[in-house]
Amino acid sequence: MKKAVFPGSFDPLTNGHLDIIQRASEIFDEVVVAVGINTNKQGLFTPSERLELVEEAVADLPNVQVGQVGGLTVDYMNEIGAKYLVRGLRNAKDFEYERDIAEVNSVLAGVETVLLLAKPENQNVSSSMVKEIAKFGADKLDAFVPAVVVTALQKHFQ
Ligand code: ADP
């Protein structure tokens, strides 16, 4: 069985992330979206809020699960028996970054990284852009994030 992990901050989940999750779920038998708990990074949403939003957004994808990662992604992958790591690429900057990490993960743990290209309409979508716009009105965001995230952003900024 081919099991993949898609790790990230997902603060919050965007349509770009969701597209990668959907496409990965067609390639792999099982996909685990791993929400990172980065104690150094103060997020807009708490790790459990971010996890809940991802869970709601992927509820219709039967082979997608959601988990939390506190340490190294490769250790988590070893724990759950996943050999493939999925990441999304929006531009050349993403590529440079991902190539270095993929190399390290390959040496560290023999993990195979699969990089999926962002769809053109998602190339400029990022969690940080979404957070910036949300301060001025989350109702403008339904082109960039799933409906559950629009609602959560509205609550957060009301
Ligand atoms: P991280 O802090 O680990 O980069 P993010 O939540 O920002 O976490 O991103 C998680 C993954 O999703 C990364 O591989 C990133 O390149 C990818 N990603 C982010 N935004 C998009 C998008 N709009 N389209 C496709 N992939 C994306």
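The backbone N, Cα and C atoms fix where each Cβ goes, glycine too.
Because TrEMBL annotations are produced automatically, they should be read as predictions rather than curated entries.
Within the same chain, residues at least 6 positions away in sequence whose Cβ sits under 8 Å from that of GLU98 (ATP binding site) are ARG87, LEU89, THR113, LEU115. According to TrEMBL, the feature ATP binding site maps to SER9, PHE10, HIS17, GLY88, LEU89, ARG90, GLU98, ASN122, GLN123, ASN124, VAL125, SER126, SER127, SER128.
DSSP assigns ARG87 (substrate binding site) to a strand. The substrate binding site annotation in TrEMBL covers SER9, LYS41, THR73, ARG87.
When DSSP labels each residue, the domain 'Cytidyltransferase-like' (5-132) comes out as 59 helix, 29 strand, 40 coil, counted as helix, strand and coil in that order. Sequence annotations record features per position, and here TrEMBL assigns domain 'Cytidyltransferase-like' to 5-132.
HIS17 (ATP binding site) counts 27 other C-beta atoms within 10 Å of its own C-beta, drawing on all protein chains shown. Annotation source TrEMBL lists site 'Transition state stabilizer' at HIS17.
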If the criterion is a C-beta within less than 6 angstroms of any ligand 1 atom, which of the binding-site residues LYS41, THR73, ARG87, VAL125 pass it? List them in sequence order.
ARG87, VAL125
Out of LYS41, ARG87, which of the binding-site residues has the smallest number of neighbouring Cβ atoms within 10 Å?
LYS41
Length of the line joining the Cα atoms of THR73 (substrate binding site) and VAL125 (ATP binding site), in Å
24
Measuring Cα to Cα, tell me the gap between SER127 (ATP binding site) and LYS41 (substrate binding site) in whole angstrom.
14
